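Copied over from TrEMBL, here are the features:
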type: ACT_SITE; residues: 92; note: active site, proton donor/acceptor
type: DOMAIN; residues: 1-122; note: domain 'Peptidase M14'
């Protein structure tokens, strides 16, 4: 996990594991929606999630093009965009896949304003 808003494409023509910006026709819209979420999240907006084992990982403005982060061939985000005209972003909300119950209230607080901002934009 991480704390970042990722947008299409997740797959790239070269299938290099990482570092290839795979721009969609609606790149500006996807960046706008991802940034709307990230800029309202106290950790995501810093671009430095500081996840254990990935302390040096950074994301400018808390967002990333999926394939630039890591290539995913055949992912649902790309499939739904290409074949169903659905505009989806992927929200990585925590370094931990299953946060302890004691952290859930804080996770809600971290994401509430982001969710509302995202809903307003959509």
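Glycine is no exception: its Cβ is also placed from the backbone N, Cα and C atoms.
When DSSP labels each residue, the domain 'Peptidase M14' (1-122) comes out as 52 helix, 16 strand, 54 coil, counted as helix, strand and coil in that order. Residues near residue 92 (active site, proton donor/acceptor) in space but far in sequence (CB under 8 A, at least 6 apart, same chain), listed by position: 1, 2, 3, 4, 5, 6.
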